[in-house]
Ligand code: ACO
């Protein structure tokens, strides 16, 4: 059995916040933000994670040509759902009318879509389910302290989605589908990027002092990313017996232009093979990879048999890389 991506979709909110807008709120400048990150603007939601996830999901289902009643599994990679329960995937199910689907969320911050994609792949390949919708959706705008210039300049909101179908024939004939992957986690370094906004609350406890906003050691996260991302890509390529030159696009988590440039350099690959959209959207966490994948797909840049690497990293710490044969 192979798990093949048969459709993609995405949604970003209409409201654009530019670097100049932020410079009116905190002591920063367009020049500083562009030089250090490559980000020019970001989108901010007024409706929340579920609404964005549903819009991206509808887009992907339409692109795949799959009726909602044929969906058997929905996984939403998010760490910023609108509520603790029900999960976002159940809300997407209700909005789509995908009554047969089993639904759950997966929390792995910016690695959320990648971890969800690999999870769906394993379910489909096992034969447990035949079709799956995988969504990456996040509202980082509600986790950042908008008076903290070291974090508020980085993030934006959005959602992206992919529809997968299992197929025995595709695997044997073309070797197409979501292929080898590697994933990793290091909870001992969780404090360098954290958001402790779900506080304990009961009559049995004293007053709580948790900040609620995201805290980040930017330099530590940067060092982690430039080391771990290329290493995980090299590992998955080795596992699959594929060379970097055979890869058409490296679809990396959109956190910082300098991180992506450093990975391209280390892998001795042309930077044109590393598409980016962070200039317009900033870091949209779990949405960044599927939004970029959808843009490339809709531009008609993907042909049958093209090899892609999808690679993400984020809070946890978490990271991973997956080979996809289109
Ligand atoms: N505008 C102007 N000056 C600023 C700003 C700002 N927005 N932010 C920080 N500065 C100042 C600092 O105060 C510091 O001043 P000082 O030298 O007087 O102390 C100076 O700029 C340099 O600060 P650094 O933190 O050293 O800047 P750096 O070059 O490391 O860039 C950045 C910071 C962009 C955050 C970088 O470290 C980075 O991109 N790290 C990775 C972050 C990331 O990817 N996070 C998301 C992970 S994915 C997830 O799961 C959410």
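Backbone N, Cα and C atoms are what each Cβ position is placed from, and that goes for glycine too.
The feature domain 'Beta-ketoacyl-[acyl-carrier-protein] synthase III N-terminal' is assigned by TrEMBL to 104-187.
Residues or ranges marked as active site in TrEMBL: 110 (among others). Residues near residue 110 (active site) in space but far in sequence (CB under 8 A, at least 6 apart, same chain), listed by position: 253, 255, 283, 285, 286, 288, 312, 313, 314, 315, 318.
Among the features that TrEMBL reports, domain 'Beta-ketoacyl-[acyl-carrier-protein] synthase III C-terminal' is placed at 237-326.
The active site annotation in TrEMBL covers 253 (among others). Cβ contacts within 10 Å of residue 253 (active site), excluding its own Cβ and spanning all protein chains shown: 30.
TrEMBL lists 254-258 with the feature region 'ACP-binding'. Helix, strand and coil content of the region 'ACP-binding' (254-258), in residues and according to DSSP, is 2 helix, 0 strand, 3 coil.
The secondary structure of residue 283 (active site), as reduced to three states from DSSP, is extended strand. What TrEMBL lists as active site is 283 (among others).
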Summarise the domain 'Beta-ketoacyl-[acyl-carrier-protein] synthase III N-terminal' (104-187) by DSSP state, stating how many residues are helix, strand and coil.
33 helix, 33 strand, 18 coil
Other than its close neighbours in sequence, what residues sit by the region 'ACP-binding' (254-258), given a CB gap under 8 Å and a spacing of at least six beyond its ends?
36-39, 110, 154, 222, 225, 276-279, 281-284, 288-289, 292, 313
Whole-number mean pLDDT, the domain 'Beta-ketoacyl-[acyl-carrier-protein] synthase III N-terminal' (104-187), equals 93
